[in-house]
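See structure below.
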């Protein structure tokens, strides 16, 4: 087990983006300081072959040329907030918009657009790296300063853990997540994720409108295209005529879990061609499932790849989209001085 620190490439202003390679048992992960992004993740398949299973770029230019959130830590608010929100006094707080009238993944200056600094790295308890981001009041378009931390570690064989935390100087909505695109057949494979088998334990999902904002309360998944209780082939589910799938050309929806604050299994993914499996555990009350339908082949991928439609999928544990504007949704307002914490565990295996 080891951690290696190296240069990844310079930003336009000359700042060097660093890369940290974590060599663990059964996994090798690389994290870059730009966006605290998971740049690569090698896991063994059924035949023992190690393949990179996350989409991303070989150079910093690949991340700067197009904003696809590949592997990034997204915030200050992952997912969407429509226009803004009302604060405790009832005053409307307008947020920067970068997705129609939505603030998506923290807006134009979200966490993924910044170079994070190194807090520490080492091998105690398994290889790890912790990155830090400190933004002054208003620098990301949200009220108050924010201080965030992202810690990647490989504490056990085949497991990658992402620990996220944040504090704010003024009350603010906070909702962080990891935005990795997975393809368990291999990120450089010609296979899309449509043949992957997905299992999700949620009983309800949030229907959305044309702007991808929740229509209202969660609805039961039973008997719908969102019913993955027994496992379902993603492409076969998407072929079923459904107005929600038609809205976005695939899945881009939040599955709802109880807000207990305890980590539990949210989803399991399997690629029959490689045999790889991925189980995702988190203490988050939601899981955003996105099938990569907006990838259009323009993004520069690793090894010269051009990531097209459905080249990867995202399973993002987080709070619910547009929560500040919906009574009854999980609370996301973080008081000044309080600490937000959220953990995601990715467990890989073979079947």
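Just so it is clear, glycine is given a Cβ too, placed from its N, Cα and C backbone atoms.
Checking the ranges 20-42, 43-65 against TrEMBL, the transmembrane segment annotation falls on 20-42. For the beta-D-galactose site, TrEMBL records 79, 80, 179, 180, 181, and the single candidate of 7, 252, 259, 283 listed with them is 252.
Note: residue 180 (beta-D-galactose binding site) has non-local neighbours 38, 41, 54, 55, 70, 71, 314, i.e. same-chain residues 6+ apart with C-beta under 8 A of its own C-beta. Annotated pair residue 79 (beta-D-galactose binding site) and residue 316 (active site, proton acceptor), C-alpha to C-alpha distance, rounded: 9 Å.
Taken over all pairs of the listed beta-D-galactose-binding residues (79, 80, 179, 180, 181, 252), the Cα spread reaches a maximum of 18 Å, rounded to the nearest whole number. Nearest in space to residue 316 (active site, proton acceptor), taking C-alpha to C-alpha distance over the binding-site residues 179, 181, 252, is 179.
Sequence-distant neighbours of residue 181 (beta-D-galactose binding site): residues of the same chain at least 6 apart with a C-beta under 8 Å from its C-beta are 54, 55, 56, 68, 70, 71, 292, 307, 311, 312, 313, 314.
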